[in-house]
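Student: This is the structure I want to talk about, given as structure tokens.
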Amino acid sequence: MSTKLAQAADNVDSRYTVAGFLRPQLNKVFPSHWSFMLGEMALYSFIILLLTGVYLALFFDPSITKVIYDGAYLPLNGVEMSRAYATALNISFEVRGGLFVRQMHHWAALMFMMSMFAHMMRIFFTGAFRRPREANWIIGVTLVLLGMIEGFMGYSLPDDLLSGVGLRIMSAIIVGIPIIGTWMHWAIFGGDFPSDLMLDRFYILHVLIVPGIILALIAAHLLLVWFQKHTQFPGPGRTENNVIGIRIMPVFAVKAIGFMMFVFGVLAAMAGLTTINSIWMLGPYNPSQVSAGSQPDVYMLWTDGAARVMPAWELYLGNYTIPGAFWVALLCGLLVVLLITYPFIEKKITGDDAHHNLLQRPRDVPVRTSIGVMALVFFLLLTISGGNDHVAHFFQISLNAMTWFGRIGLIILPPLAYFITYRLCIGLQRSDREVLEHGIETGVIKKLPNGAFVEIHQPLGPVDEHGHPVPLEYAGAPVPKQLNQLGFADSETVGTFKSSELGVTERVRDAEAQKHHEEIETLRRLEETKHLSDRNATDEPSH
């Protein structure tokens, strides 16, 4: 079998000469840190979205034409509804495996968005957006925005009461935009809300245009990661000019396939065991009805929270009125602009224009980390405000009190989070420097001749002639705080295209052995000093 495969590969190479190109690509090395799997999770979720979306498209009719329902869900028999809602019910109750696939599609959309959010936070806090990766940051932000748009259009297609209310809110926000709002509304909805064309337009955007753009951006993102090389955390043997990790073939490929199957299995279990977006509960969309406790998906909840806490400020300019809904759109737009331009703002302020392939620990950049935590608190408050009616009902408190909590909290809590995070980062920096200067706390207490008690520290490096540790320079890597944290893994490979000839693993092992002997010698000297001190104290005459 292997001989036949080799012959087939030789035949392909003799015609297309691809071996010279594929050999270095298949030998490419990727870091093995767990946080890099967040991006993989988003990719695998998108694959599931494509597969399940194709199946759902075979049975869904995005028509707003009114029909009388007569199907398997008896409570809605005889109710007038759109063809879109009727076919969504048929998928859920009459198509074989339809409800399972529809719920798997929805869960995959949530995992796609949340893994992208987590991936973006990892990139932000570790500085992976710095030069030369600004373009990939912009692509990532664009993917998040397109994912939000794609998800919103997706759960708006069934035309149930919840999705219809969400579309009505979006319609009001778009119309409230000065000058261009009406034209944008006509372009998106095809006329006044609800129009006969809106679901057809959303369907084309949802199943063809936006997924195609997302697929192209994912391909561009992966190509940039491939050719710019992957970032990595500082560690032994790692520099700005190499990558230490595992080869793409076969180890990384096998791990990636296994992780993809794991993601598929988790989503399948969630789709089969848990219900999400039960469109049959509230019935078809009716402009005269709005259900209590209506919230969008979690990745859109912050926009709903902004609309709920925004004061009803109306601005009058002559004969024109700018409604309060406009400020929600303005806030969302400003946040998006800040997110896209942040790498360039930081580069302008810090003057850092160098190439960076090594990541940073969040504690080492306290200002950026504090800004990130402040933004997270801001978005968390908006998200909580998006479900303030649920919170008020569950805890039996006033809904107005929840609204004012959101308004006041958005002013007070983000700056407070910035201050606390900044002080924590400074404290963690000092803790690392203290270990590098004095060594690791051993828990051994020594009594000095003068009666004072001190703790013995195990030096991380050499000691001077007095037995005191020589302070070490901070290298941006985690500093061991306990004795059992010493040592490095020796299963990694250095190099980007080919195996290492530098013997990094062997040198690290030898350095560990040397350091171990030095530690034993240092402890022996300290023990001898302790015995001499005790003997001198015993020999002193008592008064």
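Cβ atoms are placed via backbone N, Cα and C, with glycine included.
Unlike curated entries, TrEMBL annotations are predicted automatically.
Below, the features straight out of TrEMBL:
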type	residues	note
DOMAIN	8-234	domain 'Cytochrome b/b6 N-terminal region profile'
TRANSMEM	41-60	transmembrane segment
TRANSMEM	106-125	transmembrane segment
TRANSMEM	137-157	transmembrane segment
TRANSMEM	169-189	transmembrane segment
TRANSMEM	201-227	transmembrane segment
TRANSMEM	248-273	transmembrane segment
TRANSMEM	325-345	transmembrane segment
TRANSMEM	365-384	transmembrane segment
TRANSMEM	404-425	transmembrane segment
REGION	509-543	region 'Disordered'
Student: Does the transmembrane segment (106-125) come close to the transmembrane segment (365-384), meaning at least 3 CB pairs under 8 Å for residues 6 or more apart?
Tutor: yes
Student: Over the span of the domain 'Cytochrome b/b6 N-terminal region profile' (8-234), how high is the average pLDDT in this prediction?
Tutor: 91
Student: Are the transmembrane segment (404-425) and the transmembrane segment (137-157) close enough that 3 or more Cβ pairs fall under 8 Å, when only pairs 6 or more apart in sequence count?
Tutor: no
Student: Count the Cβ pairs between the transmembrane segment (248-273) and the transmembrane segment (169-189) that lie under 8 angstroms and are 6 or more residues apart in sequence, then report whether there are at least 3.
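Tutor: No; fewer than 3 Cβ pairs under 8 Å.
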Student: Taking residues 6+ outside the transmembrane segment (106-125), which of them lie with a CB under 8 Å of any CB in it?
Tutor: 35, 38-39, 41-42, 45-46, 48-49, 52, 137, 140-141, 143-144, 147-148, 150-151, 154-155, 263, 267, 270-271, 274, 276-277, 297-299, 342, 362, 368-369, 372, 376
Student: Same chain only, please: residues at least 6 beyond the ends of the transmembrane segment (41-60) with a C-beta under 8 Å from a C-beta of the stretch. Say none if there are none.
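Tutor: Tertiary neighbours of the transmembrane segment (41-60) are 84, 87-88, 90-91, 95, 98, 101-102, 104-105, 108-109, 111-112, 115-116, 119, 157, 203, 207, 211, 214-215, 218, 259-260, 263-264, 267.
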